[in-house]
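Database features (Swiss-Prot):
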ACT_SITE  Lys175  active site, proton acceptor
ACT_SITE  His294  active site, proton acceptor
BINDING   Asn123, Thr173, Lys177, Arg295, His327, Ser379  substrate binding site
BINDING   Lys201, Asp203, Glu204  Mg(2+) binding site
MOD_RES   Pro3  N-acetylproline
MOD_RES   Lys14  N6,N6,N6-trimethyllysine
MOD_RES   Lys201  N6-carboxylysine
SITE      Lys334  site 'Transition state stabilizer'
Amino acid sequence: MSPQTETKASVGFKAGVKDYKLTYYTPEYETKDTDILAAFRVTPQLGVPPEEAGAAVAAESSTGTWTTVWTDGLTSLDRYKGRCYHIEPVPGDPDQYICYVAYPLDLFEEGSVTNMFTSIVGNVFGFKALRALRLEDLRIPPAYSKTFQGPPHGIQVERDKLNKYGRPLLGCTIKPKLGLSAKNYGRACYECLRGGLDFTKDDENVNSQPFMRWRDRFVFCAEAIYKAQAETGEIKGHYLNATAGTCEEMIKRAVFARELGVPIVMHDYLTGGFTANTTLSHYCRDNGLLLHIHRAMHAVIDRQKNHGMHFRVLAKALRMSGGDHIHSGTVVGKLEGEREITLGFVDLLRDDFIEKDRSRGIFFTQDWVSMPGVIPVASGGIHVWHMPALTEIFGDDSVLQFGGGTLGHPWGNAPGAAANRVALEACVQARNEGRDLAREGNEIIKAACKWSAELAAACEIWKEIKFDGFKAMDTI
């Protein structure tokens, strides 16, 4: 038995497996401006050196396979292979390493998130030599990002379409999420929009079920929008979920929404898929529709710290695939979202240029060049007492979405919407006057209660509601 066979057998490999590190571990490599760079959190099997594990990730996510093949001689492996160019230990965990991999641009089809992910987060995640693998971040070079359309419209165009400036936008997910008839659903939309919200929203799992077919819902929601607009003088919208079982059906629903003259549609981009999402995004730009994105299924992919893919990667992928809004967590509500990490990927969604900042989980400097930004949506377990914190954390270019925090108001839907609008206007005015929302938030809300009975009632019913005491899973 050769020494190579003995070594491989001792760590669970079979004879004939080649040493990946001989070809794919290249610490001397200087990355190119056109490379796609990836940071993987790697947990090797016992006995597998980190250099071999990192090289295996680079190989299996690019050109490599488990043995030498004769067709390697028919191409330039050095031109096309991924390279593990740097490895660093994870502080506090001696069994984990951050392995940096560079991929040449020619490995990927232009304008295809689907193809990019098929390589980078494909079969390699089931590789036996690894106990766990997580993609922490990607650097998308301008040479690749410029092959994508990106968001259909972007932040500034949306504000111009809505004629709303200088404050966050307000939304509400209609509840109960399933079971309402189309007419009652439309009634709830109208009441919320008339009460002061900018948007109402289909829940992510509202598609076209027996209790409410999509066409009926679209018609009643459009009626609600036009009635609320006529009464308030403000432009209103409802996120009509176009997600469907086929791309053809999805586009048919988007076409009907456009024919109704509504401003925005919605897609569940992970369950619907990146190919479908990019298709819908292109349609929305060509036809003047805004596109709201829900991230249903993201926690299956991103919640475990050791395995899967961080949401900042999914956020970058969405910006390339296309969407004008995306749910991003709240920091203060019922859903997972640590402040600095959340603000890190919020910047990756909105800003043109984001510096590397490991304290916020950003492994690479990212330059989006001229790609439009995406508005983050804070949604999940929030109410009027959270308004100062949300305004301070997310700033103006955001959507603050209160579902139960609107529809759970003791006086009804319209008063619930009015309470949220008054709270937001009070916080924006206080901020513009130079007051500290983080420190004075409760006092600002209490003062506004004196001239809004709707807000006072909301503050009373939700004064004890908190979602504290749970340990965050997503930490640096």
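From the backbone N, Cα and C atoms, a Cβ is placed for every residue, glycine too.
Shown here: features listed in Swiss-Prot, placed on the structure.
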residue	record	Cβ contacts under 8 Å, 6 or more apart
Asn123	substrate binding site	Glu60
Thr173	substrate binding site	Thr200, Lys201, Asp202, Asp203, Ser379, Gln401, Gly403
Lys175	active site, proton acceptor	Asp203, Gly403, Gly404, Leu407
Lys177	substrate binding site	Asp203, Asn205, Val206
Glu204	Mg(2+) binding site	Asn241, Thr243, Asp268, Thr271, His294, Ala296
Arg295	substrate binding site	Asp268, Tyr269, Leu270, Phe311, Leu314, Leu318, Ile326, His327
For this session: Using a 10 angstroms cut-off on Cβ to Cβ distances, just flag whichever of Lys201, His294, His327 is the loneliest among these recorded positions.
Result: His327
Problem set entry | Maximal Cα-Cα distance (Å) across residues annotated as binding substrate, namely Asn123, Thr173, Lys177, Arg295, His327, Ser379 | 37
Exercise. So around the Mg(2+) site, Lys201, Asp203, Glu204 aside, which residues have their CB within 8 A of the centroid of those CB atoms?
Worked result: Thr173, Ile174, Lys177, Asp202, Asn205, Val206, Tyr239, Asn241, Met266, His294
For this session: Inside 10 Å of the Cβ of Asp203 (Mg(2+) binding site), count up the other Cβ atoms and send me the figure.
Result: 18
Exercise. What kind of secondary structure is Lys177 (substrate binding site) part of, going by DSSP in three states?
Worked result: coil
For this session: Look up Asn123 (substrate binding site) in the DSSP assignment and reduce it to helix, strand or coil.
Result: helix
Problem set entry | Protein Cβ atoms within 10 Å of Ser379 (substrate binding site), excluding its own | 24
